[in-house]
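**Q** Below: one structure in structure tokens.
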Amino acid sequence: MKGTVFAVALNHRSQLDAWQEAFSQPPYNAPPKTAVWFIKPRNTVIRHGEPILYPQGEKVLSGATVALIVGKTASRKRSEAAAEYIAGYALANEVSLPEESFYRPAIKAKCRDGFCPLGEMAPLSDVDNLTIITEINGREADHWNTADLQRSAAQLLSALSEFATLNPGDAILLGTPQNRVALRPGDRVRILAKGLPALENPVVAEDEFARNQTFTWPLSATGTLFALGLNYADHASELAFTPPKEPLVFIKAPNTFTEHHQTSVRPNNVEYMHYEAELVVVIGKTARKVSEAEAMEYVAGYTVCNDYAIRDYLENYYRPNLRVKSRDGLTPIGPWIVDKEAVSDPHNLTLRTFVNGELRQEGTTADLIFSIPFLISYLSEFMTLQPGDMIATGTPKGLSDVVPGDEVVLEIKGVGRLVNQIVCEESAN
């Protein structure tokens, strides 16, 4: 699997029924109006026959579903035209720990090593009326039909491509029911559906696997960008949030990356698009269960990113929605990677943002809530960080709106200067 794996939460009617009462109360206050997207990063993806790793002391749930595989580049496509952009479908297992909330990114539940088995692709005549069967150790444990999904495969492709360009090889997991099948070490989980190659994976205790296997994740040219929400206390206060007690980590899709001296599009009819100057840590070698004391040994260097956000699209659940943070070209990054040896103290760097030459934002990495070693240790405790992966460490206070015609310049002392222009939708087309 070479592309990005997108997944959607709350797309099965049984989930909405189960959460209906909760969604009428704080912090949600209303059910979701749009699809609730998240990303399964590359460390999660395994093939037929490879082991699902069972973390000690956790409850692990199987999530049988179907993956739509994108066949050609799709941007802003109507659902009626979606079939032209679909190469085929594959069975998938959206493995997860139990979720007690949809209010924050569920990276610890969703993004562990091996938590996204994907089967072989095949054409399918009717994905919207497909019975999906889960067998555990040769016996049926569950079945459900895609007719009960809230949004069809075509509707999901259309909704996602409205703000994110989909590329050949990308996958969209169509959703899972509320009730999932519990797994145990030693189980063999097999997923079946008429017309698609079966997907079968053993479940192996994580510590046993580590003792008996030498395992190297396949590397790709593009690493995963993990981003931090509210990692500066002054920024949390600026947005009227309490500083988090645990890192709020979300994932940026590759479609959102753009380079130095490139443009970012402000959508028409929005009221608030703001910049976010961030120090980015680049991982230099594979990291798994790394202590804080040794974490900096795994850093290759640093760069700068601008994590633009469209606040109009932020709904009050499962933050942040991809429509806010993963739109095409919304994350300028660069202009280069500075070797870690050239930065004597990454926790004492000044960040500044200028809009049309006017200083709008200024802060220091000394005010990070969660330090770089802590973040590397935290993430590597439950997932494998790979060379080329990146961690955007958050932004300080000082946000303001930007409009077409603005030049936005980010500076981090000792790391780099990143320049970007804002354009309207018409100029981008």
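Even glycines carry a Cβ here, placed using N, Cα and C.
Just lifted these from Swiss-Prot, have a look:
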REPEAT    1-215  repeat 'Approximate'
REPEAT    216-429  repeat 'Approximate'
BINDING   GLU276, GLU278, ASP307  divalent metal cation binding site
**Q** Within 8 Å of the centroid of the Cβ atoms of GLU276, GLU278, ASP307, which other residues of that chain place their own Cβ, given that this set defines the recorded divalent metal cation site?
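**A** Going along the sequence, the neighbours appear as ALA227, TYR275, ALA277, CYS305, ASN306, TYR308, THR331, ALA392, GLY394, THR395.
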**Q** For ASP307 (divalent metal cation binding site), just count the other CB atoms lying within 10 A of its CB, please.
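**A** Excluding its own Cβ, ASP307 (divalent metal cation binding site) sees 26 Cβ atoms within 10 Å.
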**Q** Output, ordered by sequence, the same-chain residues six or more apart from GLU278 (divalent metal cation binding site) with a CB under 8 Å from its CB, or 'none'.
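**A** For GLU278 (divalent metal cation binding site), the qualifying residues are ALA227, LEU228, VAL304, CYS305, ASN306, ASP307, LEU351, ALA392, THR393, GLY394, THR395.
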**Q** Looking at the repeat 'Approximate' (1-215) alone, can you tell me the average pLDDT?
**A** 93
**Q** Let's check the environment of GLU276 (divalent metal cation binding site): how many other CB atoms sit within 10 Å of its CB?
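**A** If we count other Cβ atoms within 10 Å of GLU276 (divalent metal cation binding site), we arrive at 24.
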**Q** Provide the three-state secondary structure of ASP307 (divalent metal cation binding site) computed with DSSP.
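**A** SS state of ASP307 (divalent metal cation binding site) = coil.
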